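Asks: In case it helps, TrEMBL gives these features for our protein:
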- 173-323: domain 'O-antigen ligase-related' (DOMAIN)
- 6-29: transmembrane segment (TRANSMEM)
- 41-60: transmembrane segment (TRANSMEM)
- 72-89: transmembrane segment (TRANSMEM)
- 96-117: transmembrane segment (TRANSMEM)
- 137-156: transmembrane segment (TRANSMEM)
- 163-182: transmembrane segment (TRANSMEM)
- 188-204: transmembrane segment (TRANSMEM)
- 211-228: transmembrane segment (TRANSMEM)
- 315-334: transmembrane segment (TRANSMEM)
- 341-362: transmembrane segment (TRANSMEM)
């Protein structure tokens with residue numbers, strides 16, 4: 001099931017929800033491994049539960065708002081998804097990563113097939129091949145960029161057979177090409193450049209191989225900028241919108257609207273730094289601001305930055321609790337230097353951080369469900385966390 005969940009990343013989010021429910025049921029039925037899984041999860045419980053408890057305090061003091069129920073649901077979902085990922089045993093973690101890579105191969109095959117023989121319109125692959133700019137489509141290419149970096153990281157591991165290394169490098173080139181050619185998400189395109197840099201920093205500590213790799217990557221980036229049909233136009237459009245917003249204060253595109261929403265969220269955080277403006281208060285606040293300016297834009301239900309959304313609605317303490325959780329995940333994986341899965345966790349964490357700065361992976365399951373689960377899965381690395389986990393056989397049911 002862990003392998004299937006990794007592959008579901010590139011398909012409708014309903015499949016991931018279903019897979020997580022099945023995984024939860026299988027974990028509950030796997031009684032021989034309860035102790036091992038509990039020992040893995042227990043140190044993380046306070047980091048998973050404190051944001052929930054703080055949200056309840058904010059709700060009690062700041063009142064109920066239009067989106068309060070939705071925010072509570074997503075807080076519970078995030079805690080559950082991370083908890084399920086942290087409960088997997090070493091072999092199951094590898095299955096999840098293999099599932100991600102297999103799903104990326106299938107997604108790439110569908111993208112290429114659609115160019116040769118257009119696929120019929122079907123919900124199973126619509127978001128992947130449609131070429132639109134919605135969150136569901138963006139998520140597919142963000143995870144393709146992450147899968148490309150994971151394949152590159154695995155290709156650079158010592159001790160691989162030549163065939164294994166060649167296969168991993170081929171996967172990197174294939175996934176990266178899909179993002180460069182077909183990706184319309186600026187987030188994914190940035191990750192395509194930044195994540196390989198993270199791979200090189202994680203892999204080498206000497207400046208000479210790092211410099212050589214950085215130069216090669218820069219040349220590759222220049223080629224992508226020059227020949228990709230999507231990269232240069234998207235970033236030029238963003239630059240023009242930023243310049244126009246800075247000069248006039250007017251916003252009429254996705255980038256300039258984001259800048260205005262960031263301003264609004266920061267104003268809300270400054271007005272209520274301790275308890276925030278209230279859980280789920282963004283939409284009525286933003287709607288009131290846009291009522292006379294642009295009522296249609298007033299229906300945007302988040303500022304496309306989960307850090308600012310958390311800081312505005314739950315105050316600075318709520319933001320610090322979110323950052324503490326991410327810092328703990330990053331520190332735990334970073335301590336396992338050289339571990340293949342922990343290295344993938346680092347790449348997924350950087351993917352999550354960049355995505356959180358420009359979108360809402362904690363609030364939007366289309367963006368964050370699979371990403372958060374895979375991050376939690378890989379954080380514990382490829383070795384057993386406790387002695388009991390290493391002395392008992394891995395369950396075959398998961």
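From the backbone N, Cα and C atoms, a Cβ is placed for every residue, glycine too.
In terms of burial and nearby residues, how do these features look in this structure?
Replies: Note on the transmembrane segment (41-60): residues 68, 71-72, 75-76, 79, 82-83, 86-87, 275-276, 278-279, 313-315, 317-318, 321-322, 324-325, 328 of its chain, located 6 or more positions outside it, place their CB under 8 angstroms from a CB of the stretch.
Panel annotation: around the transmembrane segment (211-228), residues 180-181, 192-193, 196-197, 200, 204 of the same chain, lying at least six beyond its termini, place a Cβ under 8 Å from a Cβ of the stretch.
Cβ atoms under 8 Å from those of the transmembrane segment (341-362) belong to residues 74, 78, 93-94, 97, 135, 138, 142-143, 145-146, 149-150, 153-154, 186-187, 190-191, 194-195, 198-199, 202-203, 258, 302, 304-307, 309-310, 322, 326, 329-330, 332-335, 368, 371-372, 374-375, 377-382 of the same chain, restricted to positions at least 6 beyond its ends.
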Asks: Name the range, of those listed as 6-29, 72-89, 137-156, that has the largest tally of Cβ pairs under 8 Å with the transmembrane segment (96-117).
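Replies: By the under-8 Å Cβ criterion, the transmembrane segment (96-117) pairs most with 6-29.
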Asks: With a Cβ cut-off under 8 Å, give me the same-chain residues at least six positions beyond the ends of the transmembrane segment (6-29) that come close to it.
Replies: 37, 80-81, 84, 87, 95-104, 106-107, 123-125, 127-128, 136, 140, 143-144, 365-366, 369-370, 373-374, 397-398
